[in-house]
Amino acid sequence: MENAVQEIVAKQVLTVAKAVEDKLDEEIHALDRLDLDDLEVLRERRLQQMKKMAEKRNRWISLGHGEYSEIQAEKDFFSVVKASDRVVCHFYRENWPCKVMDKHLSILAKQHIETRFVKINAEKAPYLAEKLRIVVLPTLALIKNAKVDNYLVGFDELGGTDEFSTEELEERLAKADVIIFEGESSKFLSKSKAQSKKSVRQSSNPDSSDSE
């Protein structure tokens, strides 16, 4: 009799254990399925983000982003700034300081495709120079949503010397929110300011920023 009771109890224990095991298996399977669904949702969301970014890049490239180009006609300035949300426009003349600025902007134009980088000869754009009160050259007009939001005049904010680094100029533009940092697009974010400055200067020139 005792053995029969033990057998019954043992069977009940096994039955309960099997039921618990089945329940656990079901819950684990449900969790696995949930994880896969979550991953699929995240994957789809990421694909949509990548698609939108690709569309943005294509649009930016079609507008001339990614290159540092010159506005030849004064009237074209307005169509350029209306077409892009963020524009850095270098008002220049044929002098050494402006050539130094050109080299830095050429680098940044490739690094920050979200922003249009252009230049215009101030001496050939008297209306714009007067309207925007451009006096010292080089001057960068920092334009957002078709409006001049800020200026970078000469090299005063870059250490007062033409030996400033591309990273220093990049940081100044970032503070003005005219360029956007995504991932590692900004070199200055990953480099210490304690590093020696990299100059684009290729030869000595006594000229400094001048006025029109």
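Heads up, the Cβ atoms here are built off N, Cα and C, so glycines get one too.
As written in TrEMBL, here are the features:
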COILED    17-59  coiled coil
DOMAIN    73-154  domain 'Thioredoxin'
REGION    188-212  region 'Disordered'
COMPBIAS  201-212  compositional bias 'Polar residues'
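The average pLDDT for the domain 'Thioredoxin' (73-154) in the predicted structure is 97.
Sorting each residue of the domain 'Thioredoxin' (73-154) by its DSSP state yields 33 helix, 28 strand, 21 coil.
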